[in-house]
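Scroll down for the structure; my scribbles are underneath it.
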């Protein structure tokens, strides 16, 4: 108390408290990536930073956080044994030797393991973030320290976002020949600004619903000029990342931001695809009353059979406590819906893009925005009604919390194999179209993760394989099979 009396101002007390905390723990929590704790308001674009090797070919929040980011990456590696196994198996062959990969994904400890695996397999990488809120600053610093040209930090502006992508693509003496995208923004930017780059691109690997939709649109219009691999619709991505990952991370994101209790709460989930199924399973397990909105009669029937009531959003918007979008569409929740919501209704998005909730319509003079905490805003109507908006309508789990490392290992391994396949494919195997990951690769990714559970596969006898008309080593299901 005597020490604190020397610092009568609020600023003084806060500074002393933080210095005591830092000196006593001598550590750096990953939670720092999800707070606004930094006092440094200078844009990373205006800083002159170099890593220990003297390189300045990066732009991150603070290169001095690299040591803490390295610890985060090492923790992630412990639960990404399949990707590490792939790294060890293929490191001698260097299947990506000569590959120059430009990537635009979430930059987290898990994707850092993927990036460093690609580098270990012979690739040169330049990377930016696909979401302005999901970057873990200390991890970006660790990648920059390791020599990866990374341009990303948490809390980028829209202008920063496109500037970072441009810095990855536009570099004298370096031209990409592979693209790894999450959401299609990088691909869109190259088409818009640097179409000549596609003359050397061997392929695009895309992992999100939004990005894949854009690729199919390009293909249908005859504008897709390179082969593309649709990783999003691979079994290992759909069933594990989209379903199981969201089943766990939806609760994490909502709890961290709002401290809400779900028992008895009325929740409407817009979309019952794999992401919606995962969200609904988690919410139902905690006792929430869950409604579904759907445009697809098959998904709607699945929801009914799973015990959910399928409704139109207008029918329940006045009574629900939480609204969650996961459709991949735009304007799913409009200003009209927002006007009719009850006081303290929580609104968030679990889809990749920020187009599902019409946030732009809320930036009007009659509404007041009040920042509650990082990624949590109260939007206040003239009559005093408040709507709780999370992450400004962007992807909730990666903006406000974290996602299970093991599930991301499955997705990352799938992405790595897709890049290897497209880069090494003989000319003519893939045309200028969108392809699904070969079934054999899906099965290989799954098999790499089974040892983590001490799982033992049953092997077919020659007679059984002949009876089923299968190869004993797979693939075990036709491409049209629905898992």
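We count from 1, first residue shown onward.
Glycine is no exception: its Cβ is also placed from the backbone N, Cα and C atoms.
Unlike curated records, TrEMBL annotations are generated automatically.
Here's what TrEMBL has on this protein:
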type: REGION; residues: 1-56; note: region 'Disordered'
type: COMPBIAS; residues: 17-36; note: compositional bias 'Low complexity'
type: BINDING; residues: 108, 182, 207, 237, 241; note: substrate binding site
type: DOMAIN; residues: 242-403; note: domain 'S-adenosyl-L-homocysteine hydrolase NAD binding'
type: BINDING; residues: 273, 274, 275, 276, 277, 278, 294, 397; note: NAD(+) binding site
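Proximity of residue 278 (NAD(+) binding site) to non-local residues of its own chain (separation of 6 or more, Cβ distance below 8 Å) is seen for 242, 243, 244, 245, 246, 247, 248, 250, given in sequence order. Each residue contributes its Cα atom, and for residue 241 (substrate binding site) and residue 273 (NAD(+) binding site) these two points are 12 Å apart. Put simply, the two farthest-apart Cα atoms among 108, 182, 207, 237, 241, the recorded binders of substrate, are 18 Å from each other. For residue 237 (substrate binding site), the Cβ neighbour count at a 10 Å cut-off comes to 26, with all displayed protein chains included. The binding-site residues shown are 108, 182, 207; of these, the one with its CA atom nearest the CA of residue 277 (NAD(+) binding site) is 207. Least crowded of the binding-site residues (273, 276), judged by neighbouring Cβ atoms within 10 Å of its own Cβ: 273. Around residue 275 (NAD(+) binding site), a 10 Å sphere centred on its CB holds 28 further CB atoms from the protein chains shown.
Cα to Cα, residue 275 (NAD(+) binding site) and residue 237 (substrate binding site) are separated by 11 Å.
Put simply, residue 274 (NAD(+) binding site) is 14 Å from residue 207 (substrate binding site) when counted between their Cα atoms. Residues 273, 274, 275, 276, 277, 278, 294, 397, recorded as contacting NAD(+), have a largest CA-CA distance of 22 Å.
The distance from the Cα of residue 397 (NAD(+) binding site) to the Cα of residue 108 (substrate binding site) comes to 12 Å.
The binding-site residues recorded for this entry are 108, 182, 237, and the Cα of 237 lies nearest to that of residue 273 (NAD(+) binding site).
Within 10 Å of the Cβ of residue 294 (NAD(+) binding site) there are 23 other Cβ atoms, across all protein chains. A simple way to gauge crowding: the CB of residue 108 (substrate binding site) has 25 other CB atoms within 10 angstroms, across all the protein chains here.
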